[in-house]
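Only one structure is covered here, and it is reproduced in the block below.
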């Protein structure tokens, strides 16, 4: 195939073939501990699904927006303190629009406090064998000692791929929620590869000034499932371009192996 240079601008990256066989196709500083911004919400989703599976919360539960959740900055659905939405709508908002306020409200709904939810996140990380991850919040905005690695993100994505509850929303370019005042709010997917690259059906973007532009993408073509992760890209356009290059490389490589 000749020499191919991938993810030149990323601080860390990995390309993983998840099916039909597990194989690392490319990696760059894949075990390096880095801030991952809203890719954090992958772990938040997995912990919430554990709670739903255990019957601790239901999709139809009404979740109240706390003052702490409502006051958070960044991507959000702008509910006021005291306003409520079903768990399902909050979950959808977190996946599609990367809503930070929903990530806090859901964590509080399941665990009572953020600290209790964080304990669940870090316990889940141990269960999944994440050796380079530690979580301090459910949304991914920068805090000291909150980090993961490209290889650990692959493991989180691999778990997320088993859950249709995640994929059915991550593959949507946009969707809607209906607020208590009966107003529809449009949710626009932060992953701009959705609807642009047909094979891409997820999964999670992230950005903070310290984390840079991050993306954990997954794509399916001819029964080959790829996971591409880049961390610390300088701009969103560069991030997306380099992920597309990784996926194209992965699908071509899969034809030769």
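Note that Cβ sites are derived from N, Cα and C of the backbone, with glycine treated the same way.
Note: TrEMBL annotation is automatic and uncurated.
According to TrEMBL, the features are:
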- 38: active site, acyl-ester intermediate (ACT_SITE)
- 41: active site, proton acceptor (ACT_SITE)
- 98: active site (ACT_SITE)
- 204: substrate binding site (BINDING)
- 9-233: domain 'Peptidase S11 D-alanyl-D-alanine carboxypeptidase A N-terminal' (DOMAIN)
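Each residue contributes its Cα atom, and for the residue listed as 'active site, acyl-ester intermediate' and residue 98 (active site) these two points are 7 Å apart. Confidence for the domain 'Peptidase S11 D-alanyl-D-alanine carboxypeptidase A N-terminal' (9-233), expressed as mean pLDDT, is 97.
Taking the Cα atom of each, the residue listed as 'active site, proton acceptor' and the residue listed as 'active site' are about 8 angstrom apart.
Within 10 Å of the C-beta of residue 38 (active site, acyl-ester intermediate) we count 26 further C-beta atoms, all protein chains included.
Ranking the recorded positions 41, 204 by the number of CB atoms within 10 A of their own CB puts 204 at the top.
Cα separation, residue 204 (substrate binding site) to residue 98 (active site), rounded: 8 Å. According to DSSP, residue 98 (active site) sits in a coil region rather than a helix or strand. Annotation for residue 98 (active site): same-chain Cβ neighbours under 8 Å, separated by at least 6 residues, are 38, 41, 75, 190, 204, 205, 206.
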